Amino acid sequence: MTRRPVVLILLTAAAGFLAFDLARSAPLDPYLAPPLFALGSGQAAGGAHCAALPAR
Amino acid sequence: MTDSSQTMPVPPRILPRTAAFGLCALAVLAVAAMAGPRSGALLMIGLGFGLVLEGLRFGFTGPWRRMILQRDASGLVAQMVCLALVAAAAFPMLAAHPGELVGAHAPVGYAMVGGAFVFGACMQIVLGCGSGTLVNAGSGNLVSAIALPFFCLGSFFGAYHLVWWTELGALPVAALTGTGGLALTLVLLASVAGLAMALADPGKRAIPARYWLAAVLLAGLAILHLAVAGQPWGVVYGLGLWVAKGAAALGADLSGSAFWWAPANAERLRESVLTDVTSLTDLGLIAGAALAAFWRDGLTGRIADHPARAWVAVVIAGFLLGYSSRLAFGCNIGAFFSGISTGSLHGWAWFAAAFTGSWYGIQLRPLLGLEARR
């Protein structure tokens, strides 16, 4: 077997997950989206990162 | 009229290659149109990470393995160069824009160090770290493609239990900051590079040109990521989030987890992954690696056979990669790459523990049937 079917299955699974996510999540609104750069935006960083530990 | 097919031979596979690049560009534009310019930019940065890592064959697991097995310091030194470049930009950025930008700062603790040790061992077993597993899966490596869903599961459960593990004992968060912090970080990075050079085989000290190029490109992308996202590059948060979304859709009650019920994470569960920083760069990493591998050989490489026990090991190691990286506050990217380059002490503790774990993982790999016994 070559690598091609592995990649096709993976990309199909990713596309399926995105479709599921878009159907279940809050609707997207590009007009309420944050600015392109956080740097200089005046907005606080989100905090959803591998290093973030939630306060109890 | 001249027959162009005779005078200008068409390079093989130019159409599929152009179409693949076009699809990626279209995906970036579509995400920007749907979720805003920042989301489109983050997907593009993720694609860049994937293209650089796969296209230039640069990574984290392989260089550590070559340092341990062959005394080849080239990849490890290139990593130190890359981290130094990111730190040189990230330290002043963080100092000048507190609040807008945050570093990958986390506490050093028992579970953190233990998690990094286990991660280091498992990344050598599957020959893929956090970024490496995504890149390898994206380029059609079956071992990584099998490990990836279990990596995601492990990341979800590790995050679920993270607060409990951390309460076993952890120091306050400690981070180097300012000019003094940057100077100390650069000295430490130079010391690691110097030690690696001193221990290396004399013929294996030269850094190939592609490593220099990869280090510079990765550093540029990581700095851009910090400016766009407001946080450093990470990988494993997004993987756990994908499973958490699936679990919530199946009716699982996540309110019992102090982690998933925290406001920032509960918001991520409600919103689309197209607004989540790590999810976007993770998806970009996979697609970028697929694009680079497709460009190179059309994904025609053969997949290696392994005995059944090797596949069982891949599944278990994949799960442990995810679980341990959450306890360690990140993988080679979130903790090692981003932690050290933004001054976090936990990045250095992660490096020491994971490098030690890597030595054991390398010894285990032949025993598990993933390579011939040495």
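In case you wondered, yes, glycine gets a Cβ from its N, Cα and C as well.
Small disclaimer: the values here were computed from a predicted structure and weren't measured.
As recorded in TrEMBL:
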type	residues	note
TRANSMEM	B:45-64	transmembrane segment
TRANSMEM	B:76-96	transmembrane segment
TRANSMEM	B:108-130	transmembrane segment
TRANSMEM	B:142-163	transmembrane segment
TRANSMEM	B:175-199	transmembrane segment
TRANSMEM	B:211-233	transmembrane segment
TRANSMEM	B:239-261	transmembrane segment
TRANSMEM	B:273-296	transmembrane segment
TRANSMEM	B:308-329	transmembrane segment
TRANSMEM	B:336-362	transmembrane segment
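Nonlocal intrachain contacts for the transmembrane segment (B:45-64), taken as residues 6+ away from its ends with a CB within less than 8 angstroms of a stretch CB, comprise 24, 28, 72, 74-76, 78-79, 120, 123-124, 127-129, 131-132, 134-135, 138-139, 210-211, 213-215, 217-218, 221, 224-225, 228, 233, 280-293, 295-296, 332, 336-337, 355, 358. Between the transmembrane segment (B:336-362) and the stretches B:76-96, B:142-163, B:239-261, B:273-296, Cβ pairs under 8 Å are most numerous for B:76-96.
Scored on C-beta pairs under 8 angstroms, the neighbour of the transmembrane segment (B:142-163) with the top count among B:76-96, B:108-130, B:175-199, B:211-233, B:239-261 is B:239-261.
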